[in-house]
Amino acid sequence: MEPVLFGCRFLTQYYKQLPLLRHIIKWTYFGVTTGVIAGLGVTLFLQLLAWAIAVWTQVPYYYFFIPPVLFLNSLLVQWLAPGISGGSDKMVEAIHQKAGYLPLAEVPVKIIATVITIAAGGSAGKEGPAAQLGATLASAWGRFLQTTDADCRQIVVCGISAGFAVVFGTPVAGAIFAVEVLFVGKILYDTLYPACIAGAAGYYVAYFTGISYVYRDIIIESSCYLAMGAIVLGLLCGAVSVFFIKTIQQCGRHFDRLQLTKPVKALIGGIMLTFIAHFISPLYLGLSTELLETGVHGDSIPAAAFFWKTVATAVTLGCGGTGGIIMPVIVVGTAAGNLFGQLIGSVDIQAYAVIGMAALLAGAVNTPIAAVIMAAELYGSDVIPYAAISCLISYIISGHRSIYPSQMIATGKCPAFLTDTGNTVRCAGKTQAGASKNPLQVSRD
């Protein structure tokens, strides 16, 4: 009799686990297929961008051509797809308010406009467009499969993960970024598994189709001085995050106030970028990979690099240039960390540059965990404790601000900010002034 009872109990427990097994199988399939689709699309985008940059930068004094190129680029966008304005924040907004819907028809124009902007010398990033491209392809895939709105949202998150992972070669950080970037103070743990699968799938697709990645383990000797330096750098990066976000916003508002057509605004922005390149330095144009690599290597870079890179990015995006904002955040953070190491006369300038990179990403994007993991994947595990300290401080200091205004505030960063809970970052602090809360309410569990 006992074997029969044992067998019944076993079958009962087995059937209770079947929904979990079905869930794993379902989201493994969705994660792999979404990762492969997004990985192929983003890989094509990166190869096209690399080719365009290599060709265009061979032109002597290429930055003198930025004004007419941005003018023509703006005409192209205005003619073919005026709806692509709004940048990478659109993917966050789509998940919160549009059930993950992102129009596929805009993808070709978005890719071409981004490639033209960055290759010509516009200070913008490739990570944001890559994540948005992955999200858009994932949205189309979810609609093709006729999934529910809830499933489509999760598939779009998988696309963000794959896009981020392909650009950096950091599949784990890509997954964490995708589930962390949507909310301030909340992580979508139910989406973490498919996001990890999609990030890994996208990464291997890119790797086997010719995208190469450079990983550099930096050796850090543990010390109290470095820990104290990380605390101070976290405070500074929080302040720089606020400066960066405010500069981007104010520059955009100033261009919006101009009673001019969008192509003319782009022409003016191009003239300003040419001025920066000719009279300050061309280091602040495009992706600024040379500035980033020099800073991370520990060599000295211009003291005002973080300032001019911020200004160049604000002008590029404010005048209507198409591109992402995460890469400029990373470059500005690296420059700030490098400068901090120089000012205190530290021998750990390389470490401070990496910590600054992660801390500014945490403060400006509200993704402290993804920032720490990305630093570890790119530069080794020695940086983790110091980056964690700095990232969390920067995240708190930046307050309810973000380069993605559509982020939802799930939990306030401190008790004084709890009234912002349930709002978007865009509406933070305005509830008591009469602004209505976002209709999407967020639970605190």
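Glycine is no exception: its Cβ is also placed from the backbone N, Cα and C atoms.
The transmembrane segment feature in TrEMBL is assigned to 27-54, 61-81, 154-179, 191-213, 225-245, 266-287, 307-340, 352-373, 379-398.
Per-stretch counts of Cβ pairs under 8 Å to the transmembrane segment (191-213) identify 27-54 as the leading one among 27-54, 61-81, 266-287, 307-340, 379-398.
Looking at which of 27-54, 225-245, 266-287, 307-340, 379-398 has the most CB pairs under 8 Å to the transmembrane segment (352-373), the answer is the stretch 379-398. With Cβ pairs under 8 Å as the measure, the transmembrane segment (61-81) is packed most heavily against 266-287, out of 27-54, 225-245, 266-287, 379-398. Counting Cβ pairs under 8 Å to the transmembrane segment (379-398), the top-ranked stretch among 27-54, 225-245, 266-287, 307-340 is 225-245.
Counting residues 6+ beyond its ends, the transmembrane segment (307-340) has Cβ neighbours under 8 Å at 70, 73-74, 77, 84-85, 87-88, 110, 113-114, 116-118, 122-132, 229, 232-233, 236-237, 240, 243-244, 247-248, 250-252, 254-255, 262, 265-266, 268-270, 272-273, 276, 280-281, 284-285, 287-288, 291-292, 295-296, 298, 300-301, 349, 352-361, 364-365, 403 in the same chain.
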